[in-house]
Amino acid sequence: MVSPAARLVGQGVWAALTGGWYHDPEQGAFTNSCHLYLWLFLLTLPLAMHLACPANAVTAFAYCSLVTVFFTAIKVISYRLHLMFDKGEAIQQQVPRKNGRQCKDAEVPKENTVLQPSNHRVFCVFLVCLFLKQPSQDPEDSSCSSAQRKLNRQFYRFIIFPGKWIKVWYDRLTLLALLDRTEDIKENVLSILLVVLVSLLGFLTLNQGFCKDIWVLLFCLVMASCQYSLLKSVQPDPASPVHGHNKIITYSRPVYFSILCGLILLLDAGSKDTNPSVYTMYGLKLFSPRFLQSARDHILVFLYCFPAISLLGLFPQINTFCIYLLEQIDILLFGGSAASGLVSALYSISRSFVVLTVLYAFCFSAVKEPWDAQHIPALFSAFCGLLVALSYHLSRQSSDPSVLMSLIQCKYVPHFLRQQFEDSSADPLPEKMRESVKEILKSDLIVCTAAAVLSFAVSASTVFLSLRPFLSIVLFALAWTVGFVTHYILPQLRKHHPWLWISHPILKSKEHQQREVRDAAHLMWFERLYVWLQCFEKYFLYPAIILNALTIDAFSISFSFCLSYSCDIILITVAGMKLLRSSFCNPINQFVTLSFTVIFFRFDYRDISENFLLDFFMMSIVFHKLWDLLQKLQFIMTYIAPWQIAWGSSFHVFAHPFLGSVIFIASYARPIKFWEKNYNTKRSDHSNTRLAIQIEKDAGNDDNNLNSIFYEHLTRSLQESLCGDLILGRWGNYNTGDCFILASDYLNAFVHLIEIGNGLVTFQLRGLEFRGTYCQQREVEAITEGDEDDEGCCCCKPGHLPHLLSCNAAFNLRWLTWEITRTQYILEGYSIIDNNAATMLQVFDLRRILIRYYIKSIIYFTASSPKILEWIKDESIQKTLQPYAKWHYIERDLAMFNINIDEDYVPCLQGITRASFCSVYLDWIQYCARKRAEHLDSDEDSPLVTLSFALCILGRRALGTASHNMAISLDSFLYGLHALFKGDFRIAAKDEWVFADMDLLHKVVAPAIRMSLKLHQDQFTCPDEYEDPAVLYEAIQSFEEKVVICHEGDPAWRSAVLSNREELLTLRHVVDEGADEYKVIMLHKSYLSFKVIKVNKECVRGLWAGQQQELIFLRNRNPERGSIQNNKQVLRNLINSSCDQPLGYPMYVSPLTTSYLGTHSQLRNIWGGPVSLDNIKKWFRSKCNRAMSLILSACLSAAVAEKRTTLRKPA
């Protein structure tokens, strides 16, 4: 038995260093020997050829040919063997076992090791040596007897050529232990191409003479590990994000090795250029031979560290790296936002390049000749207009093209989406998103045109050249003032603890002191001020600064360029587009970047400044990484602070922040979305489970599955309001990738802001368990507990000044990776009331009340059904119900009816008669009949009474049958009640007449059992109110219209919750951790209050990455491991439990959801909604009508005044 530590060292650490080779004690000697010889062959072949052969193209070609032939043969044989196992048939054969020592040392039987045809012997010897294996011996036959025995063994026929085959004496598992499976031809071809690329680039690099002495062996080891990983990869790899075999990670090492070797060869070739093009920027000589040589040497050292880097997981799998690289290019160079996947990243970078090409063409044509300061070329003014318009449009578009493509298909090819619309007709979200995108496109058509014309006019007016440098100084000062007030002063004044010293917000919302919120959040004056300051900053101030800098820099380039003519134009175009898009999307940190740009390049290092636009552009990139570095350092310092180390091993305290690809400057090599897989929760209900499972096992009856609907509804509420609330400043300052926790009485949601655009926010919500673990509850308590009562200062308690925090509280708040930004954040949701059904039905009297309402509900639905006349005239039904029409008919069933719960039960007859039934319920039948528009006979002998009597007997018998004829037991009664509530009716043989029309079950009995539960709940507040038939009738009628009563597994439940129905009720059966209980769940639509907690995003990414590496690569299976214990300084348990499954255990994970600004009602009141032709017409019409009314009132006032003057004059 191999210990976990030994397995980790062998299969984990050693395999990560060698590319996949390790000695596996659980495999046989044959498999381990093949792995060893394969790895030694790949290691020694390039080493021997490099040392023994001359460094020329012939040697490189020979080496690549040998490796290619070797890999091709192995891949072809492996592929053919898997086909053989898939399609071939195992053949049984008796294999003789000899006695004595031969039985221990026996190899594969002679007739099985010889190829049947005599030719092709060389090829088959290689095949047999590599793949054939002696079948393992049985334990009972390990000691050989003197007698010869025969064992039954099976083999497969491996066809070499038509009619030529050999015997293969092993199974698929042995082959999978020997080599990784490549399932199709494309994967095999890709593997061979990568091997050729690794061999060619690696051997060429080796022949250049960069490696000497021991470094040659190290380089060959790195190359062999990359080649070997294509045969038997590292599973699991330190960078693998999934459990089990990961196909994509197989190709990561060869691709990285090829990229690094290619860069080394390119840089070496550039460093040997005799006439290099040297560019000087910020005092650095770019692309000089020395610069290129230094870069080559650094990459070579990086290549030497390849095994260690792979072991630490610093190389993500290749698709993750591609997303990350494209996303970073789009963000840092073009001002884009995050990507949701590889397609999204390609789409974002492609549209940025298209816009850049168009803008470059205009700028190149405008700047190719010198200007006059009093005359700006029209082409340059057109370039400025296009730059502002296109940057504004790009900032308003999401990086996910799926919604836009759906809108285009819906418009032009609707027949392709007909089936999709039918499937998603109950979900209003896709249609809302399409409408929002349509509004944005219509608005952009008008706004972009107006912005282009206005920018063209301002640029052509020569105001920027005429007023320099005074205009620049004024704009810089104004930008700093507005930014400081908007993004620092106002958010600090609105925080829960301003500057972490004041005990309460200075600018309080109207709901701040309210204990129970009954209305939507009130729009405050400082929120209006915040919005208008942002609008001024985004749409006027920063465009003016960038256009001013662009005009001055282009004017300078038209006379003299810095790098080259084309390079300077590209740089100012890219810088202008990036800065404008960043300002339009999220200008929160722009004033800080602008201030440091001015100070650094105008005062500190004026000599190295290129031009202001380029300086601003470069400083924005530097500050983007510095903000990440600052948050990383804050997380690590807080996490390892010795005075607040929480329970857990010291390994987790010091090593956990550094696990999972932590690179300080470059940030994590993972996209902002972080998780590679688009994981989202799929709710289990009756629409996606089999009927047998629904009836017998009650699938999805755990609390997590049932409560996930509340997080789904919370996601929809955020989809309506999140973008507007962020712009109103209700969540404080925010940036791309920020993480927040919404905490309320029972909902704890983790919100991850992924993409932030101009008027849109893409987020993902992760719902945590209602009844969390002990560690989760401790961290939730740390969030909810206040610091205002803390009076400590070091070891004493001197108290604190009014409205200020104590010294201890202020100190502790500074050593947290999270901060409460708002205590009363209002969202639409449902208040949940759950009552234990066992408590409410414990007493027989309460069960009797339920049965009474059950029968009255059956009568109500029978009398009010539009098919009642059809039923009472149906001859087949009336013929079947003839026994129920007789007054002496007695319904005897001691297991079903008893005196404790049936009011019409006759003890002396031991049953229920028509007379006893009418004595209790006839008045109610007649009242319900009178409420119909048309006349309906309801006397004692009428068919209506007969049908009602029969249905009430059927309903009670169905309840008794579902209760296993033990309705007198509470547990059985609850089981039967829940079975009928979810629609599981077991109809007895004597009641099969109901199948004449299934509406008798679906429209009468089924809704009656659900309505009875609602009436039973209400009778606790007003016990005697429903004794009046009029009140009861109105109550049932009202509940039928307003209240949704159904089982939580019914798709109608989810549809009702997502449609914001006012009130819902259900009966829940929960079996969890030995608890078997029934709950009556009532939902009332209301406004919920949340605390908004902002979490350090680098803390979240670090803990997520650490969990991924600890559980997948380090194989820590301990459910009580130290890394998930509570740590209130970093909220470790809450963050780690929100990971994607199986690393975490969130109750609900939403898909990526985009919130648009136009869906926020309060912001619509501020600026009137999206700009469109219809809205402009309405605005002009309202203004004209108002002007006309003012004119008419003025005219009337003048006429009245003139008439009064005339009357006062003497005759």
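Just so you know, glycine gets a Cβ as well, placed from its N, Cα and C.
Features reported for this protein in TrEMBL:
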TRANSMEM  36-52  transmembrane segment
TRANSMEM  58-77  transmembrane segment
TRANSMEM  189-208  transmembrane segment
TRANSMEM  214-231  transmembrane segment
TRANSMEM  299-326  transmembrane segment
TRANSMEM  338-362  transmembrane segment
TRANSMEM  374-395  transmembrane segment
TRANSMEM  443-464  transmembrane segment
TRANSMEM  470-490  transmembrane segment
TRANSMEM  650-669  transmembrane segment
DOMAIN    937-1162  domain 'Pecanex C-terminal'
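Between the transmembrane segment (214-231) and the transmembrane segment (443-464) there are fewer than 3 Cβ pairs closer than 8 Å, counting only residues 6 or more apart in sequence, so the two stretches are not in contact. Stretch with the largest number of CB pairs closer than 8 A to the transmembrane segment (189-208), among 36-52, 58-77, 299-326, 443-464, 470-490: 58-77. Residues 13, 16-19, 210, 215, 218-219, 221-222, 225, 234, 237-241, 246, 248-249, 251-253, 255-257, 260-261, 263-264, 267, 339, 341-342, 345-346, 348-349, 659-661, 663, 669-671, 676, 1109, 1113 of the same chain lie 6+ residues outside the transmembrane segment (299-326) yet bring a C-beta within less than 8 angstroms of a C-beta in it. A Cβ distance under 8 Å defines the sequence-distant neighbours of the transmembrane segment (443-464), meaning residues of its chain 6+ beyond its ends; these are 373-376, 378, 380-382, 384-390, 392-393, 396, 471, 543-544, 547-548, 551-552, 1170-1173, 1176. Within its own chain, the transmembrane segment (374-395) is flanked in space by residues 335-336, 351-352, 355, 358-359, 362-363, 365-367, 444, 447-449, 451-460, 462, 465, 543, 547, 550-551, 554, 573, 576-577, 580-581, 584-585, 757-758, which lie at least six positions past its ends and keep a Cβ under 8 Å from the stretch. Averaged over the domain 'Pecanex C-terminal' (937-1162), the predicted model reaches a pLDDT of 86.
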